[in-house]
Amino acid sequence: MAINLFTSESVSEGHPDKIADQISDAVLDEILKQDPKARVACETYVKTGMALVGGEITTSAWVDIENLTRQVICDIGYTHSDMGFDAHSCAVLNAIGKQSPDINQGVDRADPLEQGAGDQGIMFGYATNETEVLMPAPITYAHRLMEQQAKVRKSGKLDWLRPDAKSQLTFAYENNKIVGIDAVVLSTQHAEHVSQKDLVEGVMEEIIKPVLPSEWLSQNTKYFINPTGRFVIGGPMGDCGLTGRKIIVDTYGGAARHGGGAFSGKDPSKVDRSAAYAARYVAKNIVAAGLADRCEIQLSYAIGVADPTSIMVETFGTGKVSNETLVKLIYQNFDLRPYGLIKMLDLIRPIYRETAAYGHFGREHFPWEQTDKAEALRAGAGL
């Protein structure tokens with residue numbers, strides 16, 4: 001059989017786009033703590049010496065945007081001008097307005113169950129049984145490399161590590177089964193003084209080896225560690241960052257389709273976020289139930305309308321029952337109206353800042369990762 005290669009990438013919490021995502025979701029969380037009915041669409045832009053927080057927010061809550069922004073940047077690790085960005089001295093600009101009343105009248109209803117979608121759009125969810133968390137392996141392990149980079153950096157074990165980093169993994173598949181890792185790319189921002197030799201050795205021993213399963217590595221695996229040879233200038237000094245610019249990193253690493261809507265900074269009335277979480281929940285439960293090895297769900301909505309305008313299921317030839325049967329089971333077991341899925345997944349909680357780095361999916365403590373519907377789906381399918 002032919003070997004197929006598939007690649008996914010991740011970025012660290014110190015990547016400029018991820019700084020922006022985390023600030024936007026920190027604002028959302030602080031508002032939801034005070035006002036569960038808030039409408040939030042918060043966008044952030046970061047560049048050398050500044051963070052601009054804007055968007056449309058309608059709420060009774062009061063949030064100290066400046067202090068919160070500085071705290072997030074500080075928690076990530078940008079605390080000194082040597083890194084090109086300093087939480088204590090950067091300018092924080094606030095350009096927040098209110099949500100349009102035209103949108104409000106389409107979303108808000110006297111009966112919460114009839115709450116309309118906050119916008120039209122398409123959302124995808126995906127699951128595969130190739131990892132224990134029912135996620136594609138390339139994105140799962142790319143995230144784990146970035147989590148390990150942050151852990152080692154914050155522990156002080158490699159004191160020359162800096163917050164900005166990227167990983168990329170190429171997996172080899174035969175017959176849709178993993179046969180190994182073909183290539184590992186890891187670039188990390190670092191202090192000026194460290195040698196390339198020490199950096200390569202430190203990254204290999206402290207970040208790569210503890211994360212990647214040895215059975216997938218071989219003498220043919222290629223390693224590219226800081227392949228340019230220098231990565232001192234990073235973070236917002238190296239590139240400006242924007243909320244919502246890492247939507248493939250946030251989801252399935254390119255292994256599934258994407259509807260185009262970003263997540264961070266949006267309250268759960270925005271189906272871009274909440275319905276994408278629900279679609280993951282549905283797909284994961286179908287795979288957990290053994291009804292398919294791989295499953296992709298598409299949902300679509302019209303602004304101001306509660307019921308989804310469509311539900312599509314694709315199992316890539318791995319389904320144990322027909323796609324038509326799966327669609328019926330979805331309608332029977334999941335309430336995919338905006339208010340229904342918010343209740344189903346208990347989404348009006350301050351849980352979003354944590355989602356804004358290292359992926360929204362495949363992390364078992366989030367409610368959309370539960371497999372509590374698997375048994376009912378199996379029974380409904382007659383298996």
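Cβ coordinates are placed from backbone N, Cα and C, and glycine is handled just like the others.
Record note: among 99-109, 264-274, 99-109 is the stretch given as region 'Flexible loop' by Swiss-Prot.
Counted within 10 Å of its Cβ, the other Cβ atoms near Ala165 (ATP binding site) come to 27, all protein chains included. A sphere of 10 angstroms centred on the C-beta of Asp239 (ATP binding site) encloses 16 other C-beta atoms. Annotation: Asp17 are the binding-site residues among Asp17, Glu43, Glu56, Lys270 whose CA atoms are within 10 angstroms of the CA of Asp239 (ATP binding site). Between the CA atoms of Asp17 (Mg(2+) binding site) and Arg230 (ATP binding site) there is a gap of 21 Å.
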